[in-house]
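According to TrEMBL:
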type	residues	note
TRANSMEM	14-35	transmembrane segment
DOMAIN	148-197	domain 'Methyltransferase type 11'
DOMAIN	283-369	domain 'DUF7870'
DOMAIN	412-506	domain 'DUF7870'
Amino acid sequence: MGTSTGKRGLLRNIVVRFFLFSLLVFGIRFAYVIVIHGESCDIGDEFCFFSSSNFFENQKLVTTAGVGHASSSSVILHPAAASTPEFQKRVMFYITVFQDLIVDGFLFTKSKALCVETPIGDDVYALKEIGVDDAVGIYKKAAKPLVINGLGFRQPFQDNTFDFIFSGAGGLDRSEKAAEFAEEVQRTLKPEGYFIVHTASKDTYSFNSFIGLFNCCKFIRSRHIDGFDSDMPEIHEIVMQKVNDMKIMRKSDQNSNNKCSVPGYKQDLVKRAEPLIPKEPLKPWLTLKRNIQNVKYLPSMVDITFKQRYIYIDVGSRSYGSSIASWFKKQYPKQNKTFEIYAIEADKHFHDQYKSKKGVTLLPYAAWVKNESLTFEINQTPGDENVEKGRGMGRIQPVESGGGIVGSIDEIQGFDFAEWLKNTVTEKDFVVMKMDIEGTEFDLIPRLIETGAICLIDEVFLECHYNRWQKCCPGVRSPKYQKTYGQCLDLFKSLRQRGVLVHQWW
C-alpha cells in the first residue's frame, strides 16, 4: 500500500514539474515575440502587438513609488530600457527639469518638442510623462519608437517646426560641428520658441562662445543644477529664445569705426597667464626658449568646444618643421579639434615643401600694413657662417649699408594682413597666431589694433626682435635691430592691458 502511494506521488510531482516547465517556456517565447516583433505596426511585419499611434497609451512609466507623475497619456517604456535603474533615474531627472521649465513658462503641454542627440530617448519619455505628447527625439542610431534617425547638425524637419528644442548633456558638448548644430536649431525652432541646452562647460569663455553661435536667438537665463551621476555632478543649463527670422545685430558686428573692445572675460584670462620676463635675458636664445614651458595655453584654461572653426595662423612660418610640425602639431593643446592652418612666408626658398602638406594653406607673401611691393632682405649676422643663402632671416625694410649685415635682396608682394584677417575669420572662430617677422611686429601689431582685427585673435605667440646679445660674440649686440628689450616689453604689456592673451615666443 505504501509503495503504491509513493509511486502515485512521484508521478504527480513529475507531471506538475513538466507543466510548470511548459509554462516557463511559453512565457519566454511570448516575451520574445512581444519585444522583437511587437514593437510597432510600422516596422513592416505582419504581426504587431502595439500600433505606433497608441504605443504610449498602454502602460504607465515605471517610476519610484511616490515620485512618479502620471499623465493623461501614460508612457510605456521599451522593455529593455524600463528594466534599467539608470534609465529610470535619468527619466526622473528630466521630469524634474521639464516641470521647472513649465513653471517658468518656457515649456507647455501643447508644445511641439524635439530632443536632439538623445541615444535612448529618456528625455522624450520624460516629456510625454508630464503631458507633452507631441515630442520626438533624433539620434544617429535611432532607438525606436520615440527616437528617429537624425543628427543635431542635419535635422530631418522643415523650417520653424518646433516650439521647444532640448539638448541634454553630451549632445552639443560632444558635437564635432557645433556651429552647424546651432544653425539647425535656429532653422527648425519657431519664432518665439525656446532652446534649452545642458552642458558641462562652466567657464565664461565657453559660455560666451556658445551665445555667439546663435545669431537669431537672445539669451534668457542660465543656472547650475545638480547632475544625475558622478560623471557629471553639476550641469550648466542655458535658455535661449528665437526672436524672429532676422539676425540679431551684436556689438561685435557693429564695426563701423574699426574699433573693438576686448570683453571682460577675456581680460580675466590674461590675469591668469604666465608672467612676462621683466629683465632682459643675458642668453635670450636659452631663456626665451625655456619660457615656452611656462606658457599657460588658452585651451588648458577654458573649454573651446563652442566655436565655428579652429584656425592656426603662422606669420613668418619659414619651413614646415620650424614651428608648425615641431611645436603646434605636437605641443599645442587642441582638445581634439581639427585646425585649419595658414602658413604666411615670403621667403620663396621654403615654398616648395608646403606643396605636399595637407591641411596647410601657404600664403607666399609678406604680412604687411597694406598691399604693395616690398624689398625683402635675406641676411645673416657675423658668426652665422654656415647658414646657406636663402635660409637667413628675412626683413621687410630698406637695406642699410654697414652694420656687418651680409645679404641678398628679393622683390616680394606684401598684403594688408589686418584686412585679410577680417575677411577670413570671425569672432565665432577660435584663432591662434604665432608671429615671427623680424622686427615688422612694431608695424603690424599697431595696425591690428587700429583696425580692430586684434579682437579676432584668441591667443598670440609673439617673438619681439630687439638688439639682443649675440650667441657668437660675448658682449656684442645684434646690429640687425634698433629696438631694445624694454620696447619689446612695452609692446607685450600694451597687448595684455588691452585684454590680448599674448605669450613671449623665442
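Each residue, glycine too, has its Cβ placed from N, Cα and C.
Curation does not apply to TrEMBL; its annotations are automatic.
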For the domain 'Methyltransferase type 11' (148-197), how many residues does DSSP put in helix, in strand and in coil?
11 helix, 19 strand, 20 coil
With DSSP as the yardstick, break the domain 'DUF7870' (412-506) down into helix, strand and coil residue counts.
36 helix, 20 strand, 39 coil
For a three-state summary based on DSSP, what are the helix, strand and coil counts in the domain 'DUF7870' (283-369)?
28 helix, 18 strand, 41 coil
